[in-house]
Amino acid sequence: MIALRSSLLNMLVCFIILLLLPYPSLSADPDPLQDFCVADLNATVSLNGFPCKPASEVTADDFFFDGLSKEGNTDNPFGFGVTQGNVLTFPGLNTLGLSMNRVDLARGGINAPHSHPRATESIVVIKGKVLVGFVSTSSVYYYKVLTVGQMFVVPRGLVHFQYNVGHGKATLITAFNSQLPGAVVVSRTLFASNPPLPVEILTKAFQVDASVINSIKSKFA
C-alpha cells in the first residue's frame with residue numbers, strides 16, 4: 001500500500017511539472033495575446049519587444065511593406081545588399097514571430113558567414129544561381145547550389161553564407177521565425193568590434209602572427 005501511494009505521488013508530481021512547463025512553440029518569439037500589436041518604435045518604455053501602438057491609430061498601412069520590391073545596393077567589397085523586412089522597418093510584424101529579407105548579390109557577391117541567434121532561416125532563390133551552406137556544431141559542412149524556385153533551410157544559430165556562383169546578379173528571399181532575428185557576422189564581430197578584441201586573443205585563436213591579424217583588421221577599419 002505504501003509503495004502504491006508513493007508511485008501515485010510520483011506520478012502526480014510529474015503531471016504537475018508537465019503542466020507547469022511551457023509548451024513548445026512553432027515560432028521563435030512568444031505567441032501574441034491579441035489580434036495584433038503594431039510596434040510603437042518611438043515608445044520610451046523598454047520591453048522584450050515593442051509596446052503596442054494604440055489600436056485606434058492603427059491603419060491598413062501598418063500591415064503593408066513594399067521594401068522587398070527594391071533592389072539592394074551591391075556596390076561594396078562583398079557585392080552584397082540586404083533589404084530587411086523586420087519589426088524595425090515593418091512595425092506590423094511586432095509579436096507575430098516572423099520577418100523576411102531580400103538579399104541581392106552581384107556576380108561573385110557573397111553574404112559573408114554569419115548567424116541568426118534568434119531564428120531559423122529559410123532561403124528561396126528568386127533569380128540566379130547561389131551556393132548556400134551552413135556548418136553544424138559538429139563542424140560538418142552542409143551545402144547546396146540553388147537555382148530559381150529552390151529552397152534551403154538553415155537551423156537557428158548556425159553559421160551560414162550565400163555566394164553567387166552564377167554568371168549574373170542573384171536575388172534571394174529569406175524568411176525567419178522571429179520578428180527580429182539578429183545577425184552576427186563572423187568577420188565583423190571578430191575584427192571590427194568596439195572596443196576591439198585583443199590582438200593576442202585572435203593570434204592564439206587563429207594561430208597566426210599579430211601582423212596577420214592587424215592586416216585583417218585594417219580591412220574593416
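Cβ atoms here come from the backbone N, Cα and C positions, even for glycine.
What TrEMBL annotates here:
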BINDING   Asn101, Asn111, His116, Glu121  oxalate binding site
BINDING   His114, His116, Glu121, His160  Mn(2+) binding site
DISULFID  Cys37-Cys52  disulfide bond
DOMAIN    66-214  domain 'Cupin type-1'
SIGNAL    1-27  signal peptide
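Using DSSP to sort the residues of the domain 'Cupin type-1' (66-214) gives these counts of helix, strand and coil: 25 helix, 57 strand, 67 coil.
For His116 (oxalate binding site), the recorded positions whose C-alpha atoms fall inside a 10 Å radius of its own C-alpha are His160, out of Cys37, Cys52, His160. The highest number of surrounding Cβ atoms within 10 Å, among the binding-site residues Asn101, Asn111, is found at Asn111. Cα distances from Cys37 (disulfide bond) to the binding-site residues Asn101, His114, Glu121, His160 are smallest for Asn101. Distance from the CA of His160 (Mn(2+) binding site) to the CA of Asn101 (oxalate binding site) is 15 Å.
Apart from His114, His116, Glu121, His160, the Mn(2+) site neighbourhood in this chain, defined by C-beta within 8 angstroms of the site C-beta centre, holds Ser115, Phe134, Val154, Leu158, Val159, Pro181, Ala183. In this structure, His114 is the one among the binding-site residues His114, His116, His160 with the smallest number of other Cβ atoms inside 10 Å of its Cβ. Between the C-alpha atoms of Cys52 (disulfide bond) and His114 (Mn(2+) binding site), the distance comes to 31 Å. Long-range neighbours of Glu121 (oxalate binding site) (same chain, six or more residues apart, CB within less than 8 Å of its CB): Val153, Val154, His160, Thr174, Ala175, Phe176, Pro181.
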